[in-house]
Amino acid sequence: MLGLVEKIFGSYSEREVRRLEPIAEKVLSYEDQMARLTDAELRAKTDEFKNRLKNGETLDDILPEAFAVVREAAWRTLKMKHFKVQIIGGIVLHQGRIAEMKTGEGKTLVATLPAYLNALEGKGVHIVTVNDYLAKRDRDWMGKIYEFLGLSVGVILHDMGPAERKKAYAADITYGTNNEFGFDYLRDNMVIYKEDMVQRELNYAIIDEVDSILIDEARTPLIISGVGEKSTDMYKLADRFVRTLKKDEDYVVDEKAKAVSLTEKGVAKAEKFFGIKNLADIENMEISHHIQQALKAHAIMKRDRDYVVKDGQVIIVDEFTGRLMFGRRYSEGLHQAIEAKEGVKVERESKTLATITLQNYFRMYKKLAGMTGTAQTEEQEFRDIYGLDVVVIPTHKPMIRIDHPDVIYKTEEAKFRAVVEDIVERHKKGQPVLVGTVSIEKSEKLSAMLKKRGIPHQVLNAKYHEKEAEIIAQAGRKGAVTIATNMAGRGTDILLGGNPEFIAKRKMLEEGYSKEIINEAAGYGPVSSEEVRKARERYFELLEEAKKETEKEHEEVVKLGGLYVIGTERHEARRIDNQLRGRAGRQGDPGESRFYISLEDDLMRLFGSERVKNLMDSLGIDDDQPIEHKILTKQIEQAQKKVEGINFDIRKHLLQYDDVMNKQREIIYAQRRKVLEGENLKDSILEMVRSIIERYVEIYTAGSKYPEEWDIKGLLDHLYEMFLEKDSVVIDVDLDRLDKEVLTDIIYEEAVRQYERKEAEIGPEQMREIERIVLLRVVDTKWMDHIDEMDQLRQGIGLRAYGQVDPLIEYKKIAFDMFEDLIHSIQEDTVKFLYRIQVNKDNKLKREQVAKPVSTNINGEGDNKKQPVVKEKKVGRNDPCPCGSGKKYKKCCGANVK
C-alpha cells in the first residue's frame, strides 16, 4: 500500500524537496544583484539583517537574501558557489531537521548557510564535528566566509584552557567536537564562580556526521572523574567468585543484547560466597554491582576485540574505528573488573563528579539539526528520540555507482583469499581500490596477505590526524590500494586522480615551508606577512601544476571504472556499510562496490547463518566456491534490520533509565546556577529551616492527634542536636490550643531569631557569601555521592525482575525516594553548617571546589594522558567493609579472604 502511495505522490523526502524548491529558486534569483555589490556593501548586509530582525522580521523572512549573501561571499573568498541542492540542504538544516547528503556533495559548505542565518540573532551557533582535526580544518576553511561577512568564528580544541574556550564560545559561530561541547557543559556546572563558566545558552547546533554522534556514540556517557576512595579488593574478590561459576548453569549470556545475568542458582552461590541473606537487598547493592561487572568482564568482553593488554594496562579498542583509545577507561567499574580478570594492577575506581549522555546533552539545544550521508535507515530513532525528521537531498549529478551483490564464502580464510585475488586483478589494470575492515586485526591480516603478493598499499588504523586525511584523499589515485578500518578518514573526500590541494601542500613541505605557513598560504584571507604572500604565490603555482596532473589522471581512472570499494564484512548497521559504499561514485563519478562475507563473520554467526550454511552443505559447495545471489543479499539486510531493531531498543531502554537521572540533574544544576548568579539566598535558607522543622514535627507527632501524647521533648532534643541552641525553644501555649502548625510556628520563629543573631554577628554581606559557599559545597558533595548510588541502583535493578516487578518502574520509584532523601540531606547539612559556623569578621572567605577533576573518560583523540597515581589504603579485618554494608570487613566481604 505504502509503495503505491509513494509511486503516485513520491516519497516523503521527494515531497519535502519539491516544497522547498521555490525558496531555493528565490535564493538563486538574487545572484546578479549580489554580484554587483562591492565587498563593503556585501559585508554591510550583515548589519542590515540584524536591524531587520530587531524590527520584527523573522529568520524565515530574511532567509532567501541571507543565503544569497553567503553564496556570493563563498565565491569571493573560496571560489565555491552553493548548488541548488545545497541550498535546499541549508533550508532543511535551518528548519531543525536532518539533511541526508551523499559523500562528496559538500556538506561542509552547506552548513555555512544556516550557520550564518542563525548567527544573526547573536545567540551563538555550534557546529559539531567528530574530531579536532575536522573542527580546526572547517573553522579555518569556512571561517573565511563568516569573517568576510563580519561575523566572529571560534573553535574549541581538546588542549585549550578556560579563557580560550570562553572566547571561542562568545563568537557568533563555534566549531568543536561533541565531546568538548559536552564536557564544557559539565565543567560549567562544577565551577564555583559564575565568571568561570565558558558556555552561553545552548541555542542552535548543526551536527556533522549526525548518525555517528547521536546513534553510534549515544550509549557512551561523558564522565568527569576525580580520585575515588574505594578499595580495589572487592574487584579481585568478585573475580574469584565469578571464576567458580558455570555458563548456562549459574549465569546466562545474551550475545545479541550483549548482556549477562545470574540464574537463581548463581544468585544462591553468590549469597553463600559473600555470606549474605539476599543479594537483591538494597544494602547488598555494591556486592551485586561488582559481581555484575566481573560477569561482564568474563562473559562479554573479549581480549583483542574489545580491549588489548599492553604494558600491563587494559586499553580499549574503539568498536567503530578499530583505534586504541589511550587514556579512556570503561566506566562503572567495568575497567577494574577486566584488570582483575587479566591479572594486571587494578587501578582505583575513579569517583564520578559529573556525567551526561550525548543524547541528553544535545536534547537541551533550542534547535538541533544534522547532516550525514546515511541517516534514513535510522529515521525512526531520530524522530522518536530527538524529534528530528530526515530529508534525503538529491545529488547534484545522477549517481552511477554499481553496487554488486554480496559474495558469500563458508570460511573467513576463503573469503580473504578471494578479496586478495580481486584486489590483485583490479590493481593490475590500475583501478584504485579502497578496502574497509571491521578491526585493526583484520586490516593487518589483509595487509600481510597483500605484502606476500607484492601489492603496494596504505593501511589506516592510526589516530585521527592530517596524515590520515592525506592518505584517504589520495585513495582515488591510479593504482592506489588503501585498507581502512570502518570510519577512518571520515570527512575527507576521495577525488578520482588525487587531490591537487594535498599534492601542492606536500610539495611545499618538501621545499622546506613550515606547516603554519602552508596552511595560511593555502587560504583566501588576508596575509599576515611578506613571507606568507610569497608562499601563497608559490602554493597557487604548485596547485595549478597539481591540477593538470590530477585532471589527466582523473580521466584515466574514470575510464577504468572509478574507485572500487570492497567491504570485508557486513556491519551490524546497514548505515555503516552504506558509508563505506558512499566513498565511491561521488559527484556523478563512476564507481563500484562489493561486500565479501563468510559464515564465520559475527553478523552471520549470530543472525541467520544456519539456513545459508545448510544450503551450502546440501549443494556440496567447497570453501573456495562462493555463492552470490540477490536473495542472499536481502537475507543479510534482514539480519541487519533485526540487529538495528535490537540496538535501537537497547538505546531507547537506556534512555528511559537515563531520563530519570537527567531530570534530577536538571533540578540540581538549575539550583546551582541560582546560587552562582548571586541571588539572595537568605529566604531559601529559611525555607529549608521551615521544611526541616515541619518534617520532624510530622515524625515526632505521628501516631496521635492528641498533643499530650506527642514526643515534644524528643523533637526539641533532636533539633537542638541538629542546629538550634540548647533549651532555646519555649512552648508557652496550652496543650488544648496546640496543633502541628502552631508547634511548627513557635520553633520556626525561634530559629529565625537565632539566624538573625548569627547574621548580625558576622555581617549581612559576609553572611550572603557564606550561604553561597556552604550551599555549593553541600550540593556538590551530596550530588557526587548520589551519582554513584544511582549508578549502583541501576546496575542491581535487574535482580528485581525475579520478583515479577518491572525493573524500570521499580528504578523510577526507588530513584524518586533517593532524590527526596538527597534534597532532605542537602537541606539538613546546609542548615547545620550555617547555624554552627564560626567566622572572624575580618577573614575573607574563599570558595573551593569539593573535588578536583583529574580526568575525563574521553581524553581527546588518542591523547595518552597518564592517570594520577593514588596510594591505596589497605582494609583492616576490623574496619567497616568497603562495600558499604555497615558490617566489619571480616564478617562481610572479607569472610573469604585469608
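Glycine is treated like the rest: Cβ placed from N, Cα and C.
When ASP422, ASP493, ASP577, ASP601 are compared with the ATP site residues GLN86, GLY104, GLU105, GLY106, LYS107, THR108 in Swiss-Prot, the one appearing in that site is ASP493. Following the DSSP three-state reduction, the secondary structure of GLY106 (ATP binding site) is coil. In the three-state DSSP scheme, ASP493 (ATP binding site) is classed as coil. If you count neighbouring Cβ atoms within 10 Å for each of the binding-site residues GLU105, ASP493, the highest count belongs to GLU105. Least crowded of the binding-site residues (GLN86, THR108), judged by neighbouring Cβ atoms within 10 Å of its own Cβ: THR108.
Maximum intra-site Cα distance, ATP binding residues GLN86, GLY104, GLU105, GLY106, LYS107, THR108, ASP493: 17 Å. The 10 Å shell around the Cβ of LYS107 (ATP binding site) contains 23 further Cβ atoms across the protein chains shown. The Cβ of GLY106 (ATP binding site) lies under 8 Å from the Cβ of MET80, HIS82, PHE83, GLN86, each on the same chain and at least six residues away in sequence.
The Cβ of GLY104 (ATP binding site) has 21 other Cβ atoms within 10 Å, all protein chains considered.
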